[in-house]
């Protein structure tokens, strides 16, 4: 009877050892997955930071381009006005020459 009890205990012990080993392996796998997920998260954060800096730089370039466009439009309008005045002045001078 004691031998049967010992056999049962040994089998139970063996089963528990197998279960412990299985759980240990599962924990190692989970730790590996966690480390990989953390590495990916870190990489994604870094990529996000790079993208955000690039977006900010592009936004700055866009604002600078808009400012330059506004300045060139003002310059164009001013030159168009001066051209109109010059054409009017030429027209007046042409009339004066024709009258001479």
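Note that Cβ sites are derived from N, Cα and C of the backbone, with glycine treated the same way.
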When you get a sec, could you say which of 19-59, 60-100 is annotated region 'Disordered' by TrEMBL?
60-100
Report the mean pLDDT of the predicted model across the coiled coil (13-54), rounded to a whole number.
98
DSSP helix, strand and coil counts for the compositional bias 'Polar residues' (89-100)?
11 helix, 0 strand, 1 coil
